[in-house]
């Protein structure tokens with residue numbers, strides 16, 4: 001077997017090194033219009049070789065043409081042999097064939113152009129990298145199964161499904177007035193300080209739907225195997241912690257900009273004022289603000305379901321004994337959630353972090369409601385509170 005030759009390289013590479021790079025728009029045998037050497041492309045509006053391109057650029061950038069002087073009265077023939085013998089005639093021929101002095105950039109413009117090219121190159125690199133990231137982060141088969149499971153759990157426990165607009169009834173139809181408490185009539189108002197007044201009639205309407213709303217949250221949780229595998233005590237803590245947050249989320253995603261109402265439990269459409277007067281006070285503002293904000297997100301059922309699962313499996317609820325089991329469950333949903341968002345809405349900048357911030361908003365609503373609940377117990381007759389409502393929200 002013969003030994004390989006030293007410095008061997010493919011023939012095409014040797015030819016490329018010898019001939020130089022030729023753009024695809026040039027014929028293979030195209031010649032420089034200044035000196036007749038092999039052309040390498042359009043330079044300053046003419047087809048030239050690299051040598052004449054560089055000569056012309058240096059002449060303009062350094063303003064050298066006044067220093068050029070021909071020894072033969074400006075009548076030199078310029079070709080690839082004589083081009084370096086007379087700079088004046090070479091420059092005159094550059095001008096004569098049409099090379100444009102205005103296309104030669106000075107140092108500052110050249111640096112700016114180079115910077116722009118580098119920035120564009122870096123931008124394209126990042127776009128390609130981002131595209132690769134999005135492509136790579138499509139949910140795995142296991143994550144798709146998790147998404148399908150939690151979506152089915154949500155839809156099975158979500159009152160009226162996607163037909164809530166057709167099925168809803170406005171609270172005003174039940175004879176409950178709205179907005180200013182003083183317009184509702186003092187007879188129906190609990191005797192409490194201004195700003196904390198509760199419309200007893202509205203509150204009694206809300207209590208009719210609160211038990212089925214809570215029951216649906218519990219049913220949703222019980223459809224998640226990882227939740228059911230937790231100790232009973234931890235299940236209770238998680239449900240008590242997330243119940244108001246999930247009910248608020250379910251109401252917020254049913255905000256209707258046209259009527260400026262939220263639909264509670266898929267059936268009762270209420271205004272901001274009615275919800276406030278019905279017992280929630282300032283908490284109603286937070287829920288409505290969340291609804292207004294979420295209306296621009298156009299969340300689908302899977303996104304709402306995943307958001308609920310993340311809220312349910314919050315391992316920082318006080319009193320939990322199985323934090324080390326709950327944390328991985330929440331992480332599993334978070335990762336599937338992120339991949340699902342990246343897969344579906346990768347063209348929307350910062351969509352995932354903005355959506356994740358809504359978890360913080362919902363936690364704030366839950367905390368505010370816990371404080372508000374103490375006032376409601378003072379303001380409203382005890383017999384109006386459904387047993388399940390008290391069981392969930394009392395410490």
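Note that Cβ sites are derived from N, Cα and C of the backbone, with glycine treated the same way.
According to Swiss-Prot, the feature zinc finger maps to residues 32-52, out of the candidate ranges 11-31, 32-52. For the L-thyroxine site that Swiss-Prot gives as 265, 369, the extra residue drawn from 125, 148, 216, 317 is 216. Taking the Cα atom of each, residue 216 (3,3',5-triiodo-L-thyronine binding site) and residue 369 (3,3',5-triiodo-L-thyronine 1 binding site) are about 19 angstrom apart. Sorting the zinc finger (32-52) by DSSP state (H, G, I as helix; E, B as strand; all else coil) yields 3 helix, 7 strand, 11 coil.
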